[in-house]
Amino acid sequence: MKKRIALLPGDGIGPEVLDAAVDVLKSVAEHYQHEFEFEYGLIGGAAIDEAGAPLPEETVAACKAADAILLGAVGGPKWDQNPSELRPEKGLLAIRKQLDLFANLRPVKVFESLAGASPLKTEYIEGVDFVIVRELTGGLYFGKPSEQYVNQNGEEEAVDTLFYKKSEMERVIREAFQMAQSRKGKVTSVDKANVLESSKLWRKTAEEVAKEFPDVKLEHMLVDNAAMQLIYAPGQFDIIVTENMFGDILSDEASMLTGSLGMLPSASLSSSGLHLYEPVHGSAPDIAGQNIANPLAAILSAAMMLRTSFGLEAEAQAVEHAVDQVLRAGKRTKDLAKGSEHCTTQSITGEVKAALADDNAISNIMTAYV
């Protein structure tokens, strides 16, 4: 199989973890006889510094010419004082809008070998395996007006607008139900319908979509209760679907169930089939360039790409199994090591590649005896 992948390293540790993912993808290509072409593009602070904009047109063109997109991370204090249109995060928001990346999938799965790294007791997180489906292109982050100004009395004021079309709600909720059909068959729709008009429409829309999926159970949960339940009883969830800002907050909360943001991959899906994959963690500029960043979320994001965009289920499982084998062997990056000896970014990437090669060799031997 031949595929073109757009690579957007971004800022901070983004280039380091993306390099790790690319190294693993090259190993996959070698072991499974695929050909992956890589084209780099600028985004975020790096794009502001070099091209004067957080999302250059050349980057958008490179993405549209690709079969899938891998992103590192964007942002950092270096650009905090820039005007809003020259903030790194604007590049991420813009690419979501331009490519119509409407649904963000964030799997939350606790690796058995990492249960001790979670801040929660093992009995609370045992068997946790759910996905947060977050709407990406509407809501408070995109609604207009959104501005700061001085009123007639000389006092500073600010306004943001929470705006949604029903069609934007429908498509992401439908995506959640379709996913639930191949999992445990349960969707938890999270809103604030006791206060917000947009949430009342969200809840109504979820009820309507649910009628298309009689084999899937729908439950509604207010966002404040959902935040509590994620800590109190995370094992109850299968698919959580929610609007943009609620999903942004809840997914970061849920990420700590695994013990580190460095373990969580994500996918942003478009209606066109051109999807973007990225680790959940941020750019972590304080550790950039030190070879200590955890690349496993980026590597697992690449595995999601293999499965979702390319239909390469065996290859995706091989990467995930290699990561699991490395963790079971006790290999840890600094964020997971809790003061003990730890692996560097490059060394744990090498461990994953070695486990992938071993797994492939065993598969070849087994095939020879069939």
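Glycine is treated like the rest: Cβ placed from N, Cα and C.
What Swiss-Prot lists as NAD(+) binding site is 76-89, 282-294. Spatially close to Ala284 (NAD(+) binding site) yet at least six residues away along the chain are Gly12, Ile13, Ala73, Ala293, judged by Cβ distances under 8 angstroms.
A 10 Å cutoff on Cβ-Cβ distances gives Arg96 (substrate binding site) a total of 20 other Cβ atoms nearby, all chains included. Look at Swiss-Prot and you will find Arg96, Arg106, Arg134, Asp224 tagged as substrate binding site, backed by sequence analysis.
For Tyr141 (among others), the entry in Swiss-Prot reads site 'Important for catalysis'. Under the DSSP three-state reduction, Tyr141 (site 'Important for catalysis') is assigned to helix. Every protein chain considered, the tally of other Cβ atoms within 10 Å of the Cβ of Tyr141 (site 'Important for catalysis') stands at 18.
DSSP classifies Lys192 (site 'Important for catalysis') as coil under the three-state reduction. Among the features that Swiss-Prot reports, site 'Important for catalysis' is placed at Lys192 (among others), with the record citing sequence analysis.
The annotation Mg(2+) binding site is assigned in Swiss-Prot to Asp224, Asp248, Asp252 on the grounds of sequence analysis. According to DSSP, Asp224 (substrate binding site) sits within a helical segment. Applying an 8 A CB threshold to same-chain residues 6+ apart, the list for Asp224 (substrate binding site) reads Lys192.
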DSSP three-state assignment (helix, strand or coil) for Arg134 (substrate binding site): strand
Nearest to Asp248 (Mg(2+) binding site) by Cα distance: which of the recorded positions Gly76, Asp80, Arg134, Tyr141 is it? Arg134
Near-site residues: Mg(2+), ref Asp224, Asp248, Asp252, CB cutoff 8 A to centroid: Val223, Ala227, Met245, Phe246, Gly247, Ile249, Leu250, Ser251, Glu253
Spatial neighbour of Asp252 (Mg(2+) binding site) that is closest, considering only the binding-site residues Asp80, Pro88, Arg96, Arg106, Arg134 and their CA atoms: Arg106
